[in-house]
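Asker: I'd like to ask some things about the structure below.
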Amino acid sequence: MKATLLPSLLALSLTLCLALGLSSSGVLVRADAFASSQPPVVSDPVLASQHLTQANVALQSGRYQDALSAFDLALQADPSSWLTYYRRATAQLSLGRTSAALQDFQSLLKLNPKFDKAYLQQAKVYLKEGDCDKAKQALKTYDSIRAEKGAANSSPAEANSVRSKLTLVETSIKSLGQLVKELDKAQKADKKGKAKELDSTKVDHCIHLAGEVLKISPSHLETRLVRARCQTMKGRIEDAMADWTRAVHLTPSPFLLRRLSVLSYFVVSEPGSQSRDAGLQHLKACLHSDPDNKSCAKMHRKIKALEKSLKKARNFYNSQSYRAVLSALKGGKVGRATVVDDIKEAIRSATEVQSGDEEPLIPSTYKGDPVQESGLLLELHTMYCKAYTELNDMDKAMPYCELVLAKDPDNVEATLARAELALQREDYDQAVRDLTKAFDASGRTDRAIHQKLQTAQKRLKLSQSKDYYKVLGVKRTDSLATIKKAYRKMARENHPDKGGSQEKMAQINEAWGVLGDEELRKKYDQGDDPNDPMGGQQGGYGNPFAQGGHPFDMFFQQQAGFGGFPGGGFPGGQQFHFKMG
């Protein structure tokens, strides 16, 4: 009898469990789970409560990631808790994860369609993303639920704020659209030669209106692109690049990534800046999102090849191997384009519309000449300037140095090169000006520049009194043999026995006494006159180290000054007697 009743009792027990929605462990089970092929969804409110407590503690201490993990566990323990979805959504928003937050709001509203706060939060997220239509619809549903609850006339301040912001965004976008049409019309007319320069006030208004929209809706892609365009019209290319960078984060664009790469690498970058690295990173991002993109792959190969040559040149430059620098910059093959030529061609190509594109990579609204403004070319021109100067080939150095100074008037290397040329031309005023400028730019701490400045100052002083080279009619760069030949000729012509004056002969002998001695000539070329008893004693003239800074420098300068030169010198000016024959 008992054995017969047992199966019936088990069947009855199972029926009751199904009816009550209980599992064998006493945990609530959704009854409809048994009606489907899916495994039953078990709910454990006690465990869920524990995870919620952990999540709330994490939220209060700003540990949003820990809070999210706890919310995930809470929802696993109790998937029917719509309030937990709401809390997790707010944590997602704190981390900027708007898409995940919107999904949580959707899950919440399936469980509790009348939870008005979820619609308000949805409206805020949609507005931030610039989706005005969805924001408006969410607000409409929010107002409808509030009306059902009898609270239509007591709208919270938060809801009113969303409404006013939505109105401002819609109005600004409409005005911006009209303004863009006017700018388009003016630009097209300008290309045909029928209009003057674009109205600057309208361009400013474009930037202002777009800025107002983006304060509220930073993810509004179209407005960000419009502002970037107006920034280029204003000549603010780096501000435009910031907007394009944000745009490719919102929606990957191979074209914009190539544009950013060209501008970052070739135009706005400076030596050692992050822009150079960004130039390659933009192309890597393009190939990551679109591995088969031929345009990005081609540009990536080109820049990698350039970087290989540039790395060589930079290494030689830093090790002061200047002939090797020039060799590295000649390019990979003899007779082919140089590295500078390759860079100029890359920039020029970027100003033209390429196959498959609708506009050039460097916008037609770009103000100025991107070749002249290229930061990469500035670096290479500086290398050429320095290398040729160090190799004492000023004729080749100066064209590059002038290009550097045109873009960067305070460039130390180019200023030093110009000073060196001035010294060679015996234009000591210019040399002193340039060396003073370079010394100031170095923070007045570069001893090599300071030494050159002192030499130029001494030469300037000597040129205003005695110029032995001029006396003999020779150049500072002439050889000893040439100087000796000139001396003999002048001595014959000006000897008192031949009708010359004693004074003129004394000047010739004095000049030869210095220039005919290699050691004395070197001293004179450094700005010290061996025949001047006070030679070298310039006190603090142009010397920041003369007082207080480096006392030993002053001591050595004084030692060099007394006596004029080793061995006592010729304090009164030595008289040489020339014998004919």
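Just so you know, glycine gets a Cβ as well, placed from its N, Cα and C.
Heads up, here are the entries from Swiss-Prot:
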- 1-19: signal peptide (SIGNAL)
- 48-81: repeat 'TPR 1' (REPEAT)
- 82-115: repeat 'TPR 2' (REPEAT)
- 116-149: repeat 'TPR 3' (REPEAT)
- 221-254: repeat 'TPR 4' (REPEAT)
- 257-293: repeat 'TPR 5' (REPEAT)
- Asn293: N-linked glycosylation site (CARBOHYD)
- 378-411: repeat 'TPR 6' (REPEAT)
- 412-445: repeat 'TPR 7' (REPEAT)
- 467-528: domain 'J' (DOMAIN)
- 522-544: region 'Disordered' (REGION)
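In the displayed structure, how are the listed features positioned relative to their neighbours?
Answerer: DSSP labels the residues of the repeat 'TPR 1' (48-81) in these numbers: 27 helix, 0 strand, 7 coil.
Residues of the same chain lying 6 or more positions beyond the ends of the repeat 'TPR 2' (82-115) and with a Cβ under 8 Å from any Cβ of it are 48, 52, 55-56, 59, 64-65, 67-68, 71-72, 74-75, 121-122, 125, 128-129, 145, 148, 219.
Tertiary proximity for the repeat 'TPR 3' (116-149) is limited to same-chain residues at least six positions away from its ends with a CB under 8 Å from its CB atoms, namely 86, 89-90, 93, 98, 101-102, 105, 108-109, 155, 158-159, 162-163, 165-166, 169-170, 173, 213, 216-223.
Counted with DSSP, the repeat 'TPR 4' (221-254) comes out as 28 helix, 0 strand, 6 coil.
The list of residues near the repeat 'TPR 5' (257-293) in space but at least 6 beyond its ends in sequence, with Cβ under 8 angstroms from a Cβ of it, reads 237-238, 241, 244-245, 248, 299-300, 303-304, 307, 343, 346-347, 350, 361-363, 370, 373-376, 378-379.
Long-range neighbours of Asn293 (N-linked glycosylation site) (same chain, six or more residues apart, CB within less than 8 Å of its CB): Pro254, Cys286, Leu287.
Here the repeat 'TPR 6' (378-411) is broken down by DSSP into helix, strand and coil counts: 27 helix, 0 strand, 7 coil.
Distant neighbours of the repeat 'TPR 7' (412-445): 382, 385-386, 389, 394, 397-398, 401-402, 404-405, 452-453, 455-457, 459-460, 463, 476-477, 542, 544; these residues of the same chain sit at least 6 beyond its ends, with a Cβ under 8 Å from one of its Cβ atoms.
Confidence for the domain 'J' (467-528), expressed as mean pLDDT, is 91.
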Asker: Can you tell me how the residues of the repeat 'TPR 7' (412-445) break down into helix, strand and coil by DSSP?
Answerer: 27 helix, 0 strand, 7 coil
Asker: Which sequence-distant residues neighbour the repeat 'TPR 6' (378-411)? Criterion: at least 6 residues beyond either end, Cβ under 8 Å.
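Answerer: The answer is 270-271, 310, 313, 317, 320, 322-323, 325-326, 329, 339-340, 343, 372, 417-418, 420-421, 424, 437, 441.
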Asker: Kindly assign Asn293 (N-linked glycosylation site) to one of the three DSSP-derived states: helix, strand or coil.
Answerer: coil
